[in-house]
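J.: TrEMBL lists these features:
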type: ACT_SITE; residues: Asp135; note: active site, proton donor/acceptor
type: BINDING; residues: Arg76; note: substrate binding site
type: SITE; residues: His167; note: site 'Transition state stabilizer'
Amino acid sequence: MPSSIFDAVNGEEYLSGLAECFHLPEARIKWKMDGNKQEAALGAGAAHSEALNFIVNTILAQKPELSAQLTAIGHRIVHGGEKYTSSVVIDESVIQGIKDAASFAPLHNPAHLIGIEEALKSFPQLKDKNVAVFDTAFHQTMPEESYLYALPYNLYKEHGIRRYGAHGTSHFTVLPM
């Protein structure tokens, strides 16, 4: 679970980190702040919520001014289904849409929902400034003949089975280069 805090105007990164090995004895978090790399064990069996709580209550507690300067929170969402063709401000309908698409990304979307829930709880002042950025949005302009599989059409209509594309945020980022 990568995380970062940066200045949206000049791109300066204030904090970057990675929590990994969830649900295992070696669950840990690594981060870099002010040029200093640090690492901490999260505890055996720790999961996404423990990592997010550690970020808010331990790492950000070292620099309270950083939390005070937050103006928005972006959430990279692996799968938005056909519904989301661009980034959107998160509300209850978006949360439901992410849940609805979870069958296409069962390892990712439920974890993203935990991140959204924790962000809304930890930063209530940013309730209307949490944005979902969907990896699948970039590929929503594919023509039907490109996204349909050579399968019975009813599998697409009834179950949404089609090509959605992946890593769209990465493609979008390098496109102008």
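Backbone N, Cα and C define each Cβ position, glycine as well.
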J.: Cα of Asp135 (active site, proton donor/acceptor) to Cα of His167 (site 'Transition state stabilizer'): how many Å, rounded?
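T.: Between the Cα atoms of Asp135 (active site, proton donor/acceptor) and His167 (site 'Transition state stabilizer'), the distance comes to 5 Å.
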J.: Sorry to bug you, but what's the C-alpha spacing from His167 (site 'Transition state stabilizer') to Arg76 (substrate binding site), rounded to the closest Å?
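T.: Distance (Cα to Cα, whole Å): 10 Å.
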J.: Looking only at DSSP and grouping its letters into three states, which state does Arg76 (substrate binding site) belong to?
T.: strand
J.: Asp135 (active site, proton donor/acceptor) has how many other Cβ neighbours within 10 Å of its own Cβ?
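T.: By my count, 22.
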